[in-house]
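In what follows, a single structure is set out as structure tokens and then discussed.
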Amino acid sequence: MIGIIGAMEEEVTILKNKLTQLSEISVAHVKFYTGILKDREVVITQSGIGKVNAAISTTLLINKFKPDIIINTGSAGALDESLNVGDVLISDDVKYHDADATAFGYEYGQVPQMPVAFQSSKPLIEKVSQVVQQQQLTAKVGLIVSGDSFIGSVEQRQKIKKAFPNAMAVEMEATAIAQTCYQFNVPFVVVRAVSDLANGEAEMSFEAFLEKAAVSSSQTVEALVSQL
């Protein structure tokens, strides 16, 4: 069983509509869609936006469906200036950009008693990298950071880049999903696409290009599923 998590309806609808033998179940107000995608059993959920929603949905998915792996799909804001709208983002590490327990000796972004970063499954990273090469898509593997704010100003962007110079993208759920997978020992990877450049024009760009990002990330996830 492959688990696929997206925060927003636009981020999961394309994949959900491709499921055969579709079945829907609701647990604690979270909807799960099971079915067959590319001859593989999958379960898709729309988690809702933000870290708490993401962690709850991931926990429910793992407990109810016992997935072998989890893929987080959707959109993100680019922090790497070489990235453009529609480019595919593949996580190697994910971190929180809004966690601060440095007063107790932890690194900025590290939750107490948790790793500094949550590492994606290397075999899954390799698989996704092969997929994007086959599809001739522009993609980047790197650090994705998460927090409970939509990054829509130059000041916010600069603050994150100062704390995490190597971060390529920012969004609101991936690290919470990764932490949950870490605690349940479920391999994961984040496969998202750029919807905006996390700057003063981010809100307008996000609204205009969310669909493009959703198509790009969904196509990549579908191709990945076919090779798992």
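In case you wondered, yes, glycine gets a Cβ from its N, Cα and C as well.
Per Swiss-Prot, the feature active site, proton acceptor maps to E11; the stated evidence is sequence analysis. Its Cβ placed at the centre, E11 (active site, proton acceptor) has 26 other Cβ atoms within 10 Å.
Swiss-Prot lists G77, I151, M172, E173 with the feature substrate binding site, giving sequence analysis as the kind of evidence. For the recorded site, G77 (substrate binding site), the DSSP three-state label reads strand.
The local packing around D196 (active site, proton donor), expressed as other Cβ atoms within 10 Å of its Cβ over all shown chains, amounts to 25. D196 (active site, proton donor) carries a strand DSSP state (E or B). Residues or ranges marked as active site, proton donor in Swiss-Prot: D196.
The local packing around I151 (substrate binding site), expressed as other Cβ atoms within 10 Å of its Cβ over all shown chains, amounts to 25. Per-site Cβ counts within 10 Å over the binding-site residues G77, M172, E173 peak at E173. DSSP classifies M172 (substrate binding site) as coil under the three-state reduction.
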